[in-house]
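Read the structure below first, then the notes.
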Amino acid sequence: MKHKVKNIHFVGIGGSGMSGIAEVLLNLGYTVSGSDLGSNAATRRLIELGAKVTLGHAAENIEKADAIVTSTAVKEDNPEVIAAREKHIPIVPRAVMLAELMRLRRGIAIAGTHGKTTTTSLVASVLAEGGLDPTFVIGGLLNSAGANAKLGTGEFIVAEADESDASFLNLSPVIEVITNIDADHMETYGHDFEKLKQAFIEFTQRLPFYGVAVLCIDDATVREIMPRISKLITTYGFHEDAQVRAIDAKAIDGHMHFTVLQEGYAPMQVSLNQPGMHNVQNACAAIAIARELGVADHATQKALTEFNGVGRRFTRYGEISLPAVNDKPAGTFALVDDYGHHPVETAATIAAARGAYPGRRLVLAFQPHRYTRTRDLFEDFVKVLSTTDMLVLAEVYAAGEQPIVAADGRTLAHALRVAGKVDPVFVEKIADMPATIMNIIKDGDVVITMGAGSISGVPAKLVQA
């Protein structure tokens, strides 16, 4: 019966998770249309590939649709969703459509609170170098491919598994990765951390009896749930009990150099073209999967050495010219952009920057993402943001939420001043952030723009300044 479905419409097609699935379906021969509130690189790419993309949501957009795909960001009162219900057009959640794609291949699903996008990209890159030509769907732009999705000819599909709405429980992969488990998106789990842990355990139960769970043993919560997992397990990380273990990791010129030990294999010397100890862990997950699937170590080493990263994951813009202004001399500053929006991610990025740019002053421009996250992790944000040398703090990016008292940017800035380790410069409007940064920085600084909201447009303006 599925041959009757030819036209698939995406509500919110420009989203990172939606656009990748849309691209794979285009390459499978489906007619794809979609709508979004604005244009971005993803929508422009899909148009070039043959999709019909409309700006704005309207009932007439779905006139020819045999099915529509929605993400959790799409509300029930969306006019296209209402029209689909009235016409009895199937409404398919994004994760269910991803699960359908996974049924066409052997799935490799990457889960965890942090590191999903980079780990998925590393796995896809390693398998591609090993000749397996995987299909992949990633939540960010894989720089080497120039896309966040690709239809491969091989038997595997590599995809992120999203725990934010528990939709990863729709997937049925043969290999799973759990990078870590932290308190985030707790509204999905009734603000009960035990329910979040149980969801990850249930995720591993989606594996077939011959499947394998690849787990980061460095993470305390992952270690805690391991006895409750009834599938084959391969562990990785720095921990002395890790089956795929990284040792002697050090940062040299923005690369991570380390050795990987695993029983039955010769020690592997790795030079990873990404900074940060967290990326060493992510690379170990890719190494574990590569060996599970028979990829030669030399191919894995080559892929990791040549890995160009993912869009907005410690994206390095290089040294940017800093013009002379008044009594401030001309010079240069290094610019890095990152999607991180959780205290753990922020800490990892700061640590990576310290390793990649030793001895240089670190200026962090941070935009909190969601009032609920700011409220739930307020003290953690104060602790982590206090570790930078200078902080430019934006107002919270709401992401559709209503403001919460004492969970806004000004309150966070005040708490940071009271803590006494950093004196943040608060910026109410993100449009004012580039000028604020340029006024603060000096020759030799390292600037990190960070957050999952509208701060993504700031780096381009800094480059043009």
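Using N, Cα and C of the backbone, Cβ positions are placed for all residues, glycine too.
According to Swiss-Prot:
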- G112, T113, H114, G115, K116, T117, T118: ATP binding site (BINDING)
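Of the binding-site residues H114, K116, K116 has the largest number of other Cβ atoms within 10 Å of its own Cβ. Each residue in I110, T119, T179, N180, N282 lies on the same chain as G112, T113, H114, G115, K116, T117, T118 and has a C-beta within 8 Å of the C-beta centroid of that ATP site, without being one of the site residues. Under a cutoff of 8 A between CB atoms, and with a sequence separation of 6+ in the same chain, the neighbours of G115 (ATP binding site) are T179, N180, H278, Q281, N282. Around the Cβ of T113 (ATP binding site), 22 further Cβ atoms fall within 10 Å across all displayed protein chains. Cβ crowding, taken as the number of other Cβ atoms within 10 Å, peaks at T118 among the binding-site residues G112, T117, T118.
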